Amino acid sequence: MNTATGFIVLLVLATILGGIEAGESHMRKDAMGRVRRQYCVPVDQPCSLNTQPCCDDATCTQERNENGHTVYYCRA
């Protein structure tokens, strides 16, 4: 086997192994996403509109704090 053929074989092997690893990583990420989605923010705790939902049918509502800043809290 000459150098060019060996290089091509290694390139194909690396591509196959890289694809397998990417697939496994994607599956792990999905499993972690399910775990994270099961978590909810307790009532009367700060929340974000783009992250976990509030627990106990509460909603993430916008309020003003004592400094006049806009904050979000889970309120029932």
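Keep in mind that glycine also has a Cβ here, set from the backbone N, Cα and C atoms.
Among the features that Swiss-Prot reports, signal peptide is placed at 1-22.
Per Swiss-Prot, disulfide bond is recorded for CYS40-CYS55 (among others), and the stated evidence type is a large-scale study or a structure entry. In this structure, CYS55 (disulfide bond) belongs to neither helix nor strand by DSSP; it is coil. Close to CYS55 (disulfide bond) in the fold, though at least 6 residues off in sequence, lie CYS40, VAL41, PRO42, VAL43, CYS74, each with a CB less than 8 Å from its CB.
In sequence order, VAL41, CYS47, SER48, LEU49, PRO53, CYS54, TYR72, TYR73, CYS74 constitute the residues six or more apart from CYS60 (disulfide bond) in its chain with CB-CB distances below 8 Å. As annotated by Swiss-Prot, disulfide bond applies to CYS47-CYS60 (among others), with the evidence given as a large-scale study or a structure entry.
Annotation note: CYS74 (disulfide bond) sits in a strand segment as assigned by DSSP. CYS74 (disulfide bond): 21 other CB atoms within 10 A of its CB, across all protein chains. The disulfide bond annotation in Swiss-Prot covers CYS54-CYS74 (among others) and rests on a large-scale study or a structure entry.
Each of the disulfide-bonded residues CYS40, CYS47 was scored by the number of other CB atoms within 10 A of its CB, and the lowest score belongs to CYS40. DSSP classifies CYS47 (disulfide bond) as coil under the three-state reduction. Around the Cβ of CYS54 (disulfide bond), the number of neighbouring Cβ atoms within 10 Å comes to 21.
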